[in-house]
Amino acid sequence: MIVNTKNVEDKDFDIKRSADELRNLSFKDHVCIGCGICETTCPVEAISVGDVAAILRSNASDSKLSIDEDKCVLCGMCSGLCPANALVLSINGVNIADIPAYPKYESYAEIDEDKCIYCQRCEIACPREAITIARSLPDRSKLVTGEIEVLDEECVHCGICEELCPADAILVNRTPGAESIAIDKDKCVYCLVCKKSCPTTAIKASCRICSYGDYDIDPADAATKGSAFIDDELCINCGWCEGVCPTEAAKVKKPFTGTLEIHQDVCTVCGTCVDICPCDVLSFPEPTAPAQIVENVGKDEEYCIKCGACEKACPVNAIEVNVTAVDYTPTKSKSWIEKLEALKN
Amino acid sequence: MPSHICSGLKYLATIELKSNGYSQREIANELAINRSTVSHYLNGRNLSWNSIDVAKTVTQLSPKDFLILTQSLFKDLQMTQKIISICKIRNYEAEVSDTCIGCGLCVDLCLMKAVSLDSLKANIDSIKCCGCLICLEGCPTDSIKILEVFNDRKYKKR
């Protein structure tokens, strides 16, 4: 007799089958985005996704999905097709994503540390809080002066340099008609982050250590050091990090391509989709006048992964997500290919 | 009584192996019994003919009953596999269709260890298959077909 065992811990659970090999399917609720792909894919109809929007809004203690352990055969399809990493099947302790016979999405998110200036914009933008940027600033006592100036005629007062400056040395006034930029040279560490991030060429800066070499100080002391880390478990490859990165250090490849459409005539602006979207793609537009009535939901498709969570959650079926292509690694299994191709509609 | 039926089954296996040209020593090794027992079996001594009759009936049951009964008599999977392989009356061939999802349930269910996974598809070894259909009954996608085939395949040494 082969019997599956289930081990529940808060909202998470593990389903195990232990015979010749040990299969373990683990579900992590905080990673689940509620897209429902597992429910429609499961070949034995063992998975049911709860009312994710209600769970999210009420902070209920329910798990976003449940699996009937008596029906589950631990085939791993839900794990292979989960666009987040909420369901993970491991065989003898090895994640099936690391077993070549199993297909997986061709998607990734990575930060090139050679280009990264550790400005932390991606960390702030990441809707999943998957990115950790640690940075250490150059110690002023180890630095000498440098030169920095701003060409007023080129500066567009966008404020990126102010936002990125690790030393809080830049002050940009963006009030229309009174734009200005000021640099506090007492605070500047001449790390050149502002110069690298400036979308125009308004900032001219150089560090004496780097440029002249006249001083007996290690040039390495002048650089902002740090580390960039993406938590693969939480990351859903939405592309926010790539979109906000000032130095093109972050690169993202999404698993699906397709379209997202909101039928504004049907939409009741209830905000369910805004709450559920894992990529912060859907939002209420900023009001432009006091007491303005919000008439529609806005979307920013650039960061949409076409997971379909909003479509599933919308109470009035106003959202249409169409997946036109799915990128996955090759597999010989016809049934797996069939399921992956069925994600398109 | 169960141990008598076990002896009966071993007797039947001994006779079968002998007719396949095995020497007494080879039979003793194959069935993990000592050579004097083999000699006794082959000379028809020290045996209850009633036990042999019962054992013969067991081998003629449906393949699944034969398998499960043998396993519960011997309580030793390796010995069960050996007895079934030697004494099974028919041969089988398996067909696995492309609807197989590679869940590996059949691998775990098969007492004869005849199933393995190859590129997310079950692969059933016809030589080891005893036709019990346990895999077929457990398959969540009805992807397995077990066909009875006629050939004169004999039990071979490994």
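Glycine residues also receive a Cβ, built from the backbone N, Cα and C atoms like all the rest.
The domain 'HTH cro/C1-type' feature in TrEMBL is assigned to B:18-46. Sorting the domain 'HTH cro/C1-type' (B:18-46) by DSSP state (H, G, I as helix; E, B as strand; all else coil) yields 18 helix, 0 strand, 11 coil.
The domain '4Fe-4S ferredoxin-type' annotation in TrEMBL covers B:90-119 (among others). When the domain '4Fe-4S ferredoxin-type' (B:90-119) is classified with DSSP, helix, strand and coil residues number 5 helix, 9 strand, 16 coil.
The feature domain '4Fe-4S ferredoxin-type' is assigned by TrEMBL to B:120-149 (among others). The domain '4Fe-4S ferredoxin-type' (B:120-149): residue composition by secondary structure is 5 helix, 9 strand, 16 coil, according to DSSP.
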